[in-house]
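*Asks:* Below is a structure I'd like to ask you about.
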Amino acid sequence: MNNPTNESLRNVAIVGPYGSGKTTLLESVLWVSGSVSRKGNIKDGNTVSDSSPEAKARQMSVEVSVAGIDYENLRLNFLDCPGSIEFAQETYGALVGAGTAVIVCEADVSRVLTLAPLFKFLDDWAIPHLVFINKMDRAKQPFGEVLQALKSVSSRPLIPQQYPIYKGEELQGYIDLITEQAYQYHTGSAADPIALPAELAGAEHQARQEMLEALADFDDRLLEELLEEVEPPQAEIEADFKQELGADLIVPVVLGAAEQDFGVRPLLDVLIKEAPDPSVTAARRSLSTDGSGPVIAQVLKTYFTPQGRLSLARIWQGTLREADSLNGQRLGGIYRLFGNQQTPVQTATVGEIVGLARLENINTGTTLSTADVKPLPFVEPLPPVYGLAIAPEQRKDEVKLSTALGKLVEEDPSLTWEQNTETQEVILWGQGEIHLKVALERLERQYKLPMVSQQPQVPYKETIRKGTEVHGRYKHQTGGHGAFGDVYLTIKPLERGNGFSFSETIVGGVVPKQYIPGVEMGVREYLAKGPLGYPVVDIAVTLTDGSYHNVDSSEQAFKQAARLAMTEGMPQCNPVLLEPILSVNVTTPTEFTSRVLQLVSGHRGQILGYEARSDWKSWDQVAAHLPQAEMQNFIIELRSLTLGVGNFTWQSDHLQEVPDKFAPNLRPD
């Protein structure tokens, strides 16, 4: 389709937890729509969307991939999104540009909670969505139980359009609740219409009535028809689904088994008939889709390909032409995408999702336009929860590491990096262990930078518990001018958080003013590595007395004298190790809160309190102080306890004495 119109476009994000079958569903969509000659398989590594070595090696999606197809006189752009929570940034960015999301889930009550963060994001951003219950041929529980569980994680009413037909435990087909037509599945081909099984007539009637009553909550005319026992026409029911889905008021539910292509054609029919076209989502942003006004687009994802930078963008307003300039830059090309295939086109109409080539210094989330316009909203980068200290295998590569890391962060905004000024390490931050492993593999594959990694060092400090007075004298004679410095210092502890203070109470010029900076310099140099091997904080040092020699004294000599005094005096001050304490806020489903409290306590944490989330039913927030030393694998353990959905944010808070039983093991090498 050369120039699709609003009415003939659908932008559909396929989302869901890891292992729910999203990529398999997309492969089935491509197969039954005639878009591929052979259906790919994740195990064989030949799917359209998972083409990167990192995805193939793990048999999981690690970045969003686009597959645009023409089907039934429509242009459908499918965005296959990662399911792992560690790659949620990819999913959220893609959803901002989608018109509809298909939530793929398993027919397994125990896995329903993994959908909760996804439902909340869709609700918060008012993105229309429907549910495809996958793997119905291997359902763990009856359809009704799965549906009830799904309702517990959605703030919108879930309304099934289909009802499954089983023979024993074998999935045979489904009943379309709108038309009341039953169908029998066939692997690899379309389902055939069959007579409605007599034993399901009662269940079908009840399910259909519940569907109509749910729709009637949003349609007074339909409500009147039901009250008067008038059978609503099929077109009216379909129109209600289309209108309420487009307004993000309901969540239609369909079912199938993508591995066998069951339910895929009906899903496509639902997307064609009910999914909103681009004008609906654009209207929410007060944008015009009639072709008037300047071009407005937004970058949903940034790729660095062998051919250069490629920006995945949604055209929100206007028609983009190959000769246009966006944000002052001339386009390097417009491409329609099908996995890693790029097809050049001369124009992209409003609503399309396309690749834009070689737009330099344009980041993910950037609003692009041919005019000066207000930036469109975009999802914020996820805060980091897991870090590694990294370095190139070869020191000669250190120079190009920062450039490569910059590009890595542009591709994935949920990655960040820093040069830690205290430990001198380069720290790469992300969303989990797999997330960072993939990032390191990309550094090696894309930028020829083999890396080594380890847990980041904890920036311990030390302080003192009591004060002392100490004398330091430096005297050195070499023939000719010697060196002489003589100081008396008072060392005292300060309140936590007061850092370092230096003062002097010299009377009568016993230490000339020009030498006092040398004393302070000597003290500061010593405090960079105290008696326990770490920087010293919360300490006050006062120069109280001393003496000098007219010929042999110098600033350098007084610096040495001060160092000698500190070296002698500090061990007398009962030095103690301090560790950084983080302020941590953990988000967890209420049913796991007690486990989370135990986890925090088991990591030497101090629980400050917990409460129900006001913006998220059946979820709690736990506030705590935790030692940084206990946080390296905290996210891994938290997710293990909470079906992968627990999360936390953190920030540095204060320093605290290390318990005596841990301190002896923390001396640096």
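Note that Cβ sites are derived from N, Cα and C of the backbone, with glycine treated the same way.
According to Swiss-Prot, the record shows the following:
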type: DOMAIN; residues: 7-279; note: domain 'tr-type G'
type: REGION; residues: 16-23; note: region 'G1'
type: BINDING; residues: 16-23, 80-84, 134-137; note: GTP binding site
type: REGION; residues: 59-63; note: region 'G2'
type: REGION; residues: 80-83; note: region 'G3'
type: REGION; residues: 134-137; note: region 'G4'
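Tell me what's around each of these sites.
*Replies:* Mean per-residue pLDDT, taken over the region 'G1' (16-23), amounts to 95.
Around the Cβ of LYS22 (GTP binding site), the number of neighbouring Cβ atoms within 10 Å comes to 29.
Residues 13-20, 22-23, 26, 49-50, 60-67, 90-91, 94-95 of the same chain lie 6 or more positions beyond the ends of the region 'G3' (80-83) yet place their CB under 8 Å from a CB of it.
DSSP assignment over the region 'G4' (134-137) gives 2 helix, 1 strand, 1 coil.
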*Asks:* Kindly assign LYS22 (GTP binding site) to one of the three DSSP-derived states: helix, strand or coil.
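*Replies:* It is helical.
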*Asks:* Would you mind checking how many other C-beta atoms are within 10 angstroms of the C-beta on MET136 (GTP binding site)?
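*Replies:* If we count other Cβ atoms within 10 Å of MET136 (GTP binding site), we arrive at 24.
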*Asks:* Tell me the residue counts in helix, strand and coil for the region 'G2' (59-63), as DSSP assigns them.
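*Replies:* Residue counts for the region 'G2' (59-63) by secondary structure: 0 helix, 0 strand, 5 coil.
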*Asks:* Which residues, sitting 6 or more apart from CYS81 (GTP binding site) on the same chain, put a CB under 8 Å from its CB?
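*Replies:* Long-range Cβ contacts: ALA13, ILE14, VAL15, LYS22, SER61, VAL64, GLU90, THR91, ALA94, LEU95.
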*Asks:* Applying a 10 Å Cβ distance cut-off over all chains shown, what neighbour count does SER84 (GTP binding site) have?
*Replies:* 21
*Asks:* Who are the chain neighbours of the region 'G2' (59-63) in space, where the CB to CB distance is under 8 Å and they lie at least 6 residues beyond its ends?
*Replies:* 18, 22-23, 42-43, 45, 49-50, 52, 80-84, 87, 90, 301, 411-412, 438
*Asks:* Out of GLY16, GLY19, which of the binding-site residues is least crowded by other Cβ atoms within 10 Å?
*Replies:* GLY19
*Asks:* Give the helix, strand or coil assignment DSSP yields for CYS81 (GTP binding site).
*Replies:* coil
